[in-house]
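> Checked TrEMBL, it gives:
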- 1-47: region 'Disordered' (REGION)
- 1-33: compositional bias 'Polar residues' (COMPBIAS)
- 63-84: transmembrane segment (TRANSMEM)
- 126-145: transmembrane segment (TRANSMEM)
- 157-180: transmembrane segment (TRANSMEM)
- 192-215: transmembrane segment (TRANSMEM)
- 227-250: transmembrane segment (TRANSMEM)
- 262-284: transmembrane segment (TRANSMEM)
- 296-315: transmembrane segment (TRANSMEM)
- 330-362: region 'Disordered' (REGION)
- 338-348: compositional bias 'Low complexity' (COMPBIAS)
- 349-362: compositional bias 'Pro residues' (COMPBIAS)
- 388-412: transmembrane segment (TRANSMEM)
- 389-517: domain 'NFD4 C-terminal' (DOMAIN)
- 424-442: transmembrane segment (TRANSMEM)
- 463-482: transmembrane segment (TRANSMEM)
- 488-514: transmembrane segment (TRANSMEM)
- 540-559: transmembrane segment (TRANSMEM)
- 577-597: region 'Disordered' (REGION)
Amino acid sequence: MSLYQSHPSTSVQTTVQPHQPYQPLCIQSNPRRSSGRGGEEPLHSPPMAPAALAAQVLRGRWFMAYGSFLIMSAAGATYIFAIYSKDIKATLGYTQEQLNTVGFFKDVGANVGIHAGLVAEVTPPWLVLAVGAAMNLGGYLMLYLSVTGRVRPAPPLWLVCLYIAVGANSQAFANTGALVTCVKNFPESRGVMLGLLKGFVGLSGAIFTQLYLAFYGPGGGGDTRPLILLVGWLPAAVSVFFLGTIRIIRAPRPPAAARREYRAFCGFLYVSLALAAFLMVAIILQKRFRFTRAEYGVCAAVVLSMLLLPFAVVLREEAALFKKNTTPEARAAEDYTEPSTATAATKPAPAPAPVPEPPPVTSKPGARLLAALRPPPPRGEDHSILQALVSVDMVLLFTATALGVGGTLTAIDNMGQIGESLGYPPRSVATFVSLISIWNYLGRVAAGFGSEALLARHRVPRPLILAAVLLLAVPGHLLIALGVPGSLYVASVAIGFCFGAAQPVILASVSELFGLRRRRGRGRAGVTTCIGVRCYRESFLVITAVTVAAAVAAAALAWRTREFYAGDIYAKFKEGTSSGDAIGEGDRVQPPKEEQL
């Protein structure tokens, strides 16, 4: 079952003649006038070319991908909870157990997203993003007002948990609205696309830290309550800005386009790597030297400038498409008529083959439930939510996710308290969060590109890659459990990398096994802060054992799906499915035989 469905009653039927292949909107109509030299020239004058190119850029799928990158770069506010959690505890008078409860509901809100998928089935992506923006602004704004004492009397614990759960749950709507739409627009590059998108989410923690230091103060143990306000309004503003950009785009996509797509994705990757490298250098320098407010502002300005660099890749790709479709060869191909049809030019063109209508949607809830309970389709085909939930493959994948990724999430959420118990200074907490954020990013892009390469070249099942990633997190958990002096920096790197690497592998596995729909849930264990190595030894020894069990579950799923991954899992996209620039969301275009992007 597709995550997005076009309704027959509202979709626009567009007929494209075989000898008039589809072109982007800016050049779809290209009337001619006589040049007086026996030829023809475009009716539009040369000054119109920049306007036409700009229209193609804004409507193209590469700008849609860029907008998704920016939305994802602002969608990781849940990963910086360790920075401002101490101010929540101090201003509201919470115990460590009560703060753990707040953190638990934050994780529940961030990782439960089935309802976001259900909303996306009946609404366009822009509405999904709008709902997420409203939830993000409302939840975090109320949390900020509560922490700063502007709400009197102070809200009870359950209401604070509700505020942060609503704000964190906006991340599920951002993922569904932007991430899933990109996967549907680039179906044969889903691993790479997921790695890039989730990588920007991983960087968001370090990005937020730099912006907070520039906007609100020099940091180093200062007041972090304004950071809650920042994570409330900034992600909402970015989502609202790109509401009209994120949409399903359908058009022909021949095999030659896949090679150019990969080069474009490599361009995005290089820019993001440069951003990660700058953030790493900035973190090291800020740790070693005490920066002024102006110096933090310079760092934030560089970060914002580097977030604009991927737009150069967008311009390059769309300019190449624009040039290809406006060359004399392209115009000659558009006006060319077969000799057999030239002798019968006065005859009307044959009607195109009718596009089969999708089966009618059953409106009775009982009939829908019976349809959902039918035997599941083969692996790789679209499953309903119920069909996916009751499958053995989903049980194994959910077990690996809940146990394995849940352990790394526990460490990330409690890194501030862990550092305090092991005697690290308060300034190190921001360093830990930034290290986790950057290596979280590196894990996501490495797993996205690496898993795609291993699958394409060696047919390695993604669940087997997930098992290896979870096992890599075991040394990080053991370092925390044993309390080796100075090892928390290494543990932050290992846990951040493994947490990030698991994200694109899990999402790609779900989309490949159950169709282009995914939702997920993760567990989290509560811990209590104290002083000394003993505080977290037993907890992380348990987490280590649970992570090993999760890796075993992932390996079992890899064994079950080995025959599926041994074949060509992208065959159906190469044969009939297309992805490219289209007239608009929900429109249907008869695919031509050659690339016209």
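Cβ coordinates are placed from backbone N, Cα and C, and glycine is handled just like the others.
All annotation found in TrEMBL is predicted automatically rather than curated by experts.
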> State, in range form, which of 63-84, 192-215, 262-284, 296-315, 463-482 has the highest count of Cβ pairs under 8 Å to the transmembrane segment (540-559).
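Per the Cβ under 8 Å count, 463-482.
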> Honestly, do the transmembrane segment (463-482) and the transmembrane segment (424-442) touch, with at least three Cβ pairs under 8 Å and pairs 6 or more apart in sequence?
no
> Counting only pairs at least 6 apart in sequence, do the transmembrane segment (192-215) and the transmembrane segment (63-84) share 3+ Cβ pairs under 8 Å?
yes
> DSSP says what for the domain 'NFD4 C-terminal' (389-517): how many helix, strand, coil residues?
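Reading the DSSP string over the domain 'NFD4 C-terminal' (389-517) gives 110 helix, 0 strand, 19 coil.
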> To what whole number does the mean pLDDT across the domain 'NFD4 C-terminal' (389-517) round?
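Its mean pLDDT is 84.
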> Residues of the same chain, at least six outside the transmembrane segment (488-514), with any C-beta under 8 angstroms of its C-beta?
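Non-local partners: 179, 183, 190-191, 194-195, 198-199, 201-202, 379-380, 382-383, 387-388, 391, 393-394, 397, 401, 404-405, 408-409, 411-412, 415, 418-419, 422, 424, 428, 431-432, 435-444, 446-448, 451, 462-463, 465-466, 469-470, 472-473, 475-477, 479-480, 520, 557, 561, 564, 569.
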> Counting only residues 6 or more past its boundaries, what in the same chain has a CB within less than 8 Å of a CB in the transmembrane segment (126-145)?
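For the transmembrane segment (126-145), the nonlocal Cβ contacts are 71, 77, 88, 109, 116, 119-120, 151, 160, 163-174, 176-178, 225, 228-229, 231-233, 235-237, 239-240, 242-244, 246-247.
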> Which range out of 63-84, 262-284, 388-412, 424-442 gives the transmembrane segment (296-315) the most CB pairs under 8 Å?
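By Cβ pairs under 8 Å, 262-284 leads among 63-84, 262-284, 388-412, 424-442.
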> Looking at the stretches 63-84, 227-250, 262-284, 388-412, 424-442, which one shares the most CB pairs under 8 Å with the transmembrane segment (157-180)?
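The stretch with the most contacts is 63-84.
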> Would you kindly check 63-84, 262-284, 388-412, 424-442 and say which stretch has the most C-beta pairs under 8 angstroms to the transmembrane segment (227-250)?
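Per the Cβ count, the answer is 63-84.
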> Excluding the flanking five residues on each side, which residues at least 6 beyond the ends of the transmembrane segment (424-442) place their CB within less than 8 Å of a CB in that stretch?
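Sequence-remote neighbours of the transmembrane segment (424-442) are 76, 79-80, 82-83, 199-200, 202-207, 209, 219-221, 272, 276, 279-280, 283, 287, 412, 415-416, 488-489, 492-497, 499-500.
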